[in-house]
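According to TrEMBL, the DNA-binding region annotation covers A:16-55. If you look up TrEMBL, you'll see A:79-180 marked as domain 'CoA-binding'. Among the features that TrEMBL reports, NAD(+) binding site is placed at A:Gly90, A:Ala91, A:Gly92, A:Asn93, A:Leu94, A:Gly95.
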There are 2 protein chains.
Amino acid sequence: MEGKGISQAVIRRLPRYYRYLGELLEDGVERISSNDLSKRMKVTASQIRQDLNNFGGFGQQGYGYNVKYLHSEIGKILGLDREHNMIIIGAGNLGQALANYTAFERSGFMLKGLFDVNPTLAGVTVRGIEIRMMDELKSFIRNNDIEIAILTIPKTKAVAVANMLVENGIRAIWNFAHTDLNLPEHIVVENVHLSESLMRLSYNVLRYEEKHQKKK
Amino acid sequence: MEGKGISQAVIRRLPRYYRYLGELLEDGVERISSNDLSKRMKVTASQIRQDLNNFGGFGQQGYGYNVKYLHSEIGKILGLDREHNMIIIGAGNLGQALANYTAFERSGFMLKGLFDVNPTLAGVTVRGIEIRMMDELKSFIRNNDIEIAILTIPKTKAVAVANMLVENGIRAIWNFAHTDLNLPEHIVVENVHLSESLMRLSYNVLRYEEKHQKKK
């Protein structure tokens, strides 16, 4: 999915702009030049200008960016100006950890329900949200206008559950299960493969050590 | 950090090759052509050949790849043939969820300790690993040959704790705190910014809907 021809590399960077602009806003900064933003974010000023030009610019030559306006416009591009209803499937440690992230709600991501197969969790609440059993899932999705499902279940169950979610109208899956879901093209999938992230870290440690040893 | 001139895009993909090869190995597959691997992984065969050529190939024309050999070689490239000692700083929900991931240990990532500032957690164990208070941290890092620290603490504390970890010899930080750490070049940082991942998902949902509405 390319959406208006914006590359995924630019999309990767947008939330980081949003974060830095949010921090500037909290600090009471009203305007910032691409040079100053560049120093803070440790990317080149030309990269910043190029990235933001994808969305029509926002800056006036010599005046810098209006922080509040740019923050709000990037928020709109990211869909943060409206509410997204979510459910979590898998109320284990990770599912409960995500359920406790109040920061998501401040960006419009509203957790409406938690689901699990473990009967000892039935009726337990996390931040006031009840853990339900899977037999309630279909009707819950339909009755609560659920857009996003967060999958924090073992990979052996993930594909079947994802297919069932799609059949019941889910638009997007935030997938923490360590497998590829291979869903229809109209379903947005964002994977968080934690062990792959840890392997990249290990790769980079090893390469650094090799480089360093060669220099000795 | 570029290590041997391999691009970060290739490094991003390596753990996925490792996962697919591991699954083939479990299924008893001994050899696979780049075409068959391409169908499974839904990337082009030429991309696979190009990626693996970065590390000297591994395949013989017409014979395909030896699954066990390729899996083991990619494992070595990723540093999975040796042990990495880790600690978690922040034994809240997310820290405890990560502590419960036994899959990390199967790849050589050994969790040695958990640390927190909350005195009610002192002495509590997760999978037999004791939660310790921060005053023990420095000596623990030195005495247990700790290479990787996992940061699951609020962003307001993350920069100070990261600097202290670096002073005490930590080589790499797996950062879940929603801030940039700006550490010296020789420290490897792998960020997992969950809320940014969720924003990319929301961006892609929105773009898909816009595209779809235009077509109507």
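Including glycine, each Cβ sits where the backbone N, Cα and C put it.
Projection of TrEMBL feature records onto the structure.
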residue: A:Gly90; record: NAD(+) binding site; CB count, 10 Å: 24
residue: A:Ala91; record: NAD(+) binding site; CB count, 10 Å: 25
residue: A:Gly92; record: NAD(+) binding site; CB count, 10 Å: 16
residue: A:Asn93; record: NAD(+) binding site; CB count, 10 Å: 19
residue: A:Leu94; record: NAD(+) binding site; CB count, 10 Å: 23
residue: A:Gly95; record: NAD(+) binding site; CB count, 10 Å: 25
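Secondary structure at A:Gly92 (NAD(+) binding site), as computed by DSSP, is coil. Averaged across the DNA-binding region (A:16-55), the predicted model reaches a pLDDT of 93. Across the domain 'CoA-binding' (A:79-180), the DSSP tally of helix, strand and coil residues reads 38 helix, 29 strand, 35 coil. Filtering the binding-site residues A:Gly90, A:Asn93, A:Leu94 for a Cβ under 8 angstroms from any Cβ of chain B leaves A:Asn93, A:Leu94, in order along the sequence. For the DNA-binding region (A:16-55), residue counts in helix, strand and coil come to 28 helix, 2 strand, 10 coil, using DSSP.
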